[in-house]
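Here's the structure we're looking at; comments come further down.
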Amino acid sequence: MAAEQGRTQRNGRSDAAANEPRSSPCTSLKMFLVALSFAYFAKALSGSYMKSTITQLERRFDIPSYLIGVIDGSFEIGNLLVIAFVSYFGAKLHRPKIIAVGCVLMSIGTFIIALPHFIIGRYEFETSVRWVVNSTLNPSPCAMGSPADLSQSGKLPAAPPTGCEGESNLSMWIYVLLGNVLRGIGETPVQPLGISYIDDFATEENAALYVGCVQTISVVGPVFGYLLGSLCAKIYVDIGFVKMETITITPADARWVGAWWLGYLIAGVITLLSAIPFWFLPRSLPMSGPRGPEKCTPEQTSFIKDSPLLKHKYPADDNTTFIEMAKDFFPTLRTLLGHPVYLIYLCVTIIQLNSLIGMVTYKPKYIEQHFRQSASKANFLMGVINIPAVALGMFSGGLLMKRLKLNIMGAARFAFGTSLIGYFLSLFFFTMSCENAKVAGVTLSYNSVDTVSYDKHSLLTACNSDCLCSASDWDPVCGENDVTYVSPCLAGCTGSTGSGKNTVFSNCSCVGVAGNFTASTGQCPHTDDCDRMFPYFLALSVITSFIISLGGTPGYMFLIRCIKPQLKSLALGFHALATRTLAGIPAPIYFGAIIDTTCLKWGQKRCGGIGACRIYNTTAYRIAYLGLTLSLRTISFIICIPGFILLSRQLKSEERNGIHGALANGGTELEALRKEEFVTSNSDQSQQTSDNSTDRETRL
């Protein structure tokens, strides 16, 4: 009777615990999943928008590509400062609130990036075209007087003007760098704490799907980031402060700067909104599903710590003090770094991310320079065509992992196979080339207007020797002979009619022998060969992006599963730390530096010095950009070979240990069952003896 009452009480407590907030853990987990997805979306949007504004920032601040790489890598520097400690200590504190603080910091950093626009002066670019009502007042592009006449079009002469030392735009890019560092600091807790929170409280079968959903949203964010970049690139940088009819350049011009600052204001607001839900989420959730001890029998409860269902779950310890955590940090880190499979995985992902980050950072610029597309169109195509393929691949990878029920080795093979297929397909990019633009004095000589070469040419020749031309200007015009000239002065043009974008230069001695040929503003199109090749480039880019991204989620789940559960948060955090330090920071810098070596014509700052590149050697650009990307992937595949060998040995060792452990546990359980059976048998025998004696007494 007492045993029955105890069993009833236990069942009552179990039912009450199960029915009290049965839907609460699931609901809270789904709320966290939605909030984390929105935070991933916000940080991905602002990050991709940063990459979409690379050429805009280059031109606005007159800086080369390697310096843009420093600015882009400053985000990872912010991560580097705090990520190891946030990942370790944050896992044992209130994770949702730490993520909320991070989102607020990201928002502030994004606003700081846009700050220089409101401090700096109006954007000025070199041009011989003037906006005048009466076209008869147009001066001659070919200045035959004193050198002072070079400033007649409003352009500064070669000598630095008075007060140029105090020009603010020379240092305004530092604000962009500092804002990006703060963005990196704020982004730190989102990934390691968010993913570990989901993996702790989601069921085993749903963890991979949830992570796949979050990763998919993080890839959807760049779609809107690049679309926002495309929209802002169409808008002139000083919109609202200048009359648009006075702007003499178009978005296709190498001097055009879009409203880069506007997108950062929008991204900052979105990031600030993403912080709100995390303030209302709990620190931890009850263990739902069949994993909880309240759903188990007493015999199962005694073995619950060894249950395979809890193998990868390690909820935070609420009672651990800060000092104890600090003392345990370095021994734990040493244990993690002593794991050979984890180290091999770390090296492979670092090298592959070097390739990926460098490629993605400069891909819009590659499309602009190699296929002669505007910045707006390049960003639009990245957002509408390329990024959705990546998102679909990430989601499909998570779904396939759940459907196929891939183990650790299966996930590793899947990720390796998809990456290898994408590698071989990427080799075809080398065959998709466009001829360089015909620019007199840059890619061809004035005397040979048909043969493009990259030898050193002279901008000054007999046809423009009578003009006092500046060789540092970039004010291109298209002659009737379909050759681009660096400026109307270097084309030998002595007259002009019309105004603004409709200006036509006449009597251009370098365009034709007779000297009565004309030239119009802007570069010559020369897009016939590129228009035929560009669709094939886009199609192959979509296919390779989809195939490579298929292995993204299985590869990430491999990272979580290949180490002990108590090292999970630290492993995620250190992985992010290492990849940001050794891939996120250096990759944009050395990719940009190598791209700079292919520049044929540099712009010049108002106060002297090299500015942004105006035109590249497209053949050298293609070889450097694609060659560096694929070389890094080749190295990563070689390192994978010992990784698979070590992983196979580890799994065999764990399998042997598991069999021995199961046999030991099985022997213990069998002994206990035999004892219980012996006690029950004796009890039945004594009960039977007592009943028999009672019957005898009754019969007597």
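Even glycines carry a Cβ here, placed using N, Cα and C.
Please treat TrEMBL annotations as automatic predictions, because they have not gone through curation.
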_From 1-24, 145-168, 649-672, the residue range that TrEMBL assigns the feature region 'Disordered'_ = 1-24
*asked:* Can the transmembrane segment (380-400) be said to touch the transmembrane segment (571-595) if we require at least 3 CB pairs below 8 Å and skip pairs under 6 apart in sequence?
replied: no
_Take the C-beta pairs under 8 A between the transmembrane segment (342-360) and each of 66-91, 261-281, 533-559, 571-595, 623-647. Which stretch has the highest count?_
623-647
*Most CB pairs under 8 Å with the transmembrane segment (66-91): which of 261-281, 412-430, 533-559, 571-595, 623-647?*
571-595
*Can you say which of 261-281, 533-559, 571-595, 623-647 has the most Cβ pairs under 8 Å with the transmembrane segment (412-430)?*
533-559
*Which residues, given as numbers and ranges, are at least 6 beyond the ends of the transmembrane segment (261-281) yet have a Cβ under 8 Å from it?*
28, 31-32, 34-35, 38-39, 41-43, 45-46, 49, 52-53, 96-97, 99-104, 106-108, 110-111, 113-114, 116-118, 225, 228-229, 231-232, 235, 237
